[in-house]
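Let me begin by presenting the structure, written as structure tokens, before commenting on it.
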Amino acid sequence: MFNSVNLGNFCSPSRKERGADFGERGSCASNLYLPSCTYYMPEFSTVSSFLPQAPSRQISYPYSAQVPPVREVSYGLEPSGKWHHRNSYSSCYAAADELMHRECLPPSTVTEILMKNEGSYGGHHHPSAPHATPAGFYSSVNKNSVLPQAFDRFFDNAYCGGGDPPAEPPCSGKGEAKGEPEAPPASGLASRAEAGAEAEAEEENTNPSSSGSAHSVAKEPAKGAAPNAPRTRKKRCPYSKFQIRELEREFFFNVYINKEKRLQLSRMLNLTDRQVKIWFQNRRMKEKKLSRDRLQYFSGNPLL
């Protein structure tokens, strides 16, 4: 295939087109063509480059040569004065400014929020929607340096109308909120008193160890005292093991005890008549609950 090719004619058009710069390619036939071989190995080290050293024409770019290098800082963090050379993209920036105004986020205030640099540039205002920095804006920047300006009204409401947060906010709402726990209304006190009385009654039913005289003495000051007076918790006096064993033995034989037997147990166990009576009442309620639980367990019907 290569034997029929005349390398002199193959190389001559390139010499005619490119002139004297490629004159040294005259030896390409001896270097590239071997009559005894089908394949050849080109030697490009002796061949000059096809492109001239200096570019023949300047390549035009759609943007200026003074385009700054790519930076990691986003557009919202940079002042608008540094982007004056991109005139072809002004419509995009105008659309962005319009969107920011639509969202109540002027470009200058956004930059002040993010960069906290008030004097880095002049004013950059949208021509259709000029704005002025509000008086309490710089105080709100201290309160909210991350969220947009639209969220500042929540902080202003928290501080009652903007400004630096005082040491003691003079808000009437906060004062009332603070005063409510200190002086709750009478209805709340009444409900608390009722709840305390119910809890005390339940405690008396479950733990009837306190004496009747002590219980009555504890209830009388509670009734006669002022509503906002602190309630004193009555002292718990659990039964001893010996007393519980004797009471359980008597309950095993007699669920309901008469007055004579009750007085006898009170003298023997060093208890009052009321304590023995309350213990038997609570023991009967406990036995009733246990029997109901046993019935539910063995019958398998939780509605019983």
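Each residue, glycine too, has its Cβ placed from N, Cα and C.
Noted from Swiss-Prot: of Lys82, Lys174, Lys288, the annotation SUMO2 cross-link belongs to Lys82. Noted from Swiss-Prot: of Lys143, Lys178, Lys234, the annotation SUMO2 cross-link belongs to Lys178.
When Lys116, Lys235, Lys259 are looked up in Swiss-Prot, the one carrying the note SUMO2 cross-link is Lys116; the rest have no such note there, which does not rule it out for them. Note on the DNA-binding region (232-291): mean pLDDT across this stretch is 90. Using DSSP to sort the residues of the DNA-binding region (232-291) gives these counts of helix, strand and coil: 43 helix, 0 strand, 17 coil.
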